[in-house]
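**Q** Residues or ranges marked as active site, proton acceptor in TrEMBL: HIS151. As annotated by TrEMBL, NAD(+) binding site applies to 51-70, 133-136, 242-244, 268-270, CYS286. Here TrEMBL flags TYR95, ARG98 as substrate binding site. Marked as Zn(2+) binding site by TrEMBL: CYS159, CYS162, CYS200, CYS205. The domain 'Deacetylase sirtuin-type' annotation in TrEMBL covers 26-306.
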Amino acid sequence: MIVSRCTCRASHLYAHLSKPWGCLDMARPSSDLAAFRDIFLRSKNIAIITGAGVSAESGVPTFRGAGGYWRKWQAQELATPEAFSRNPSRVWEFYHYRREVMLTKNPNPAHLAIAECENRLSKQGCAVTVITQNIDELHRRAGSKNIMEIHGSLFRTRCMSCGHEAANYNSPICAALKGKGAPDPDTDDARIPVQQLPRCEQKSCHGLLRPAVVWFGETLDSDILIRVEKVLDSCDLCLVVGTSSVVYPAAMFAQQVAARGIPVAEFNMEDTPATMRFKFHFRGPCGTTLPPALTSVFNTGALRWYIMMIYWLTIKRNQHG
Ligand SMILES: [Zn+2]
């Protein structure tokens, strides 16, 4: 979901994020895992910003980019207040389909490494906070507890009448959507009457429910942005994982941390517009690059031993060659 601006209450954050970066060192970031691990093992407050790349490795479709269509549309055409107002049945079919797809997906090694890291470090008095743009709850399912879902969740609803928000894991979410939502371009709209779409169960409300996600053109929740700001201001290490760093203001979060001299490590399939601002960059699938980066102290020893062995063997080979 793209946000074009922050809410008024969070405007100070936006101003903070918009500072120039003139003082930054623009040298190519390091991909030295041992150097990253040295910093990681000394860190007390770690912020981990995650994006669509982490979900993509679990096979979660984003309906964006080449081939990313649901029927004839991409997410940015359906995930808007205007689309919902015009055709709530179609938009609910789209979200019903996405919810049902998630029942067939599982957290991948990147999600699991983050959750295991939080669990392990919390016992040592350290904090790990996941700030995610993803709405699929795979971090939660992997076991992460300290999560800020800045774009909401597929598994939460909000009432259009009374504003009540609630978790909702029903499958299907309502009887009329059962068997609906097929993604093929030839599928006709189900044209479900609005009274049969998901409705609020608060006493005497019965208002129309919508997915509690941030749609294109909507603002991020100011309360969550303030909590995010606190985490970013207090972290001593920041990881930015599987995100293209082009969706604002989330894209600015890691750059804000880097600008105050805190090490930031990017884990991504490719360079991003922000890569040169970071201390570390680890290229590749984050399910492959993240587990060795976040593993326990014991494995660090093993890693050092392995690196020393390689070094020693290389010297020996050179001596004999
Ligand atoms: Zn309601």
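Including glycine, each Cβ sits where the backbone N, Cα and C put it.
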**Q** Measure from each Cβ of the binding-site residues SER55, PHE63, GLY67, GLN133 to the atoms of ligand 1 and list the residues where some distance is under 6 Å.
**A** none
**Q** Enumerate the residues of the same chain, CYS159, CYS162, CYS200, CYS205 excluded, that satisfy the criterion Cβ within 8 A of the mean position of the Cβ atoms of the recorded Zn(2+) site; list them in sequence order.
**A** MET160, SER161, GLY163, HIS164, GLU201, GLN202, HIS206, GLY207, LEU209
**Q** Per-residue pLDDT averaged over the domain 'Deacetylase sirtuin-type' (26-306) comes to what?
**A** 93
**Q** Of all the binding-site residues given, namely TYR95, ARG98, CYS159, CYS162, CYS205, which is spatially nearest to GLY59 (NAD(+) binding site) at the Cα level?
**A** ARG98
**Q** Taking CYS205 (Zn(2+) binding site) as the reference, which of GLY51, PHE63, ARG98, MET269 (the binding-site residues) have a CA within 10 A of its CA?
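**A** Hits: none.
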**Q** Of CYS159, CYS205, the binding-site residues given in the record, which has the fewest other CB atoms within 10 A of its CB?
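**A** Among the binding-site residues CYS159, CYS205, the sparsest Cβ neighbourhood within 10 Å belongs to CYS205.
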**Q** How many neighbouring Cβ atoms, not counting its own, are there within 10 Å of the Cβ of SER55 (NAD(+) binding site)?
**A** 26
**Q** What's the CA-CA gap between the residue listed as 'active site, proton acceptor' and GLY67 (NAD(+) binding site) in angstrom, rounded?
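**A** Computed Cα spacing between the residue listed as 'active site, proton acceptor' and GLY67 (NAD(+) binding site) is 23 Å.
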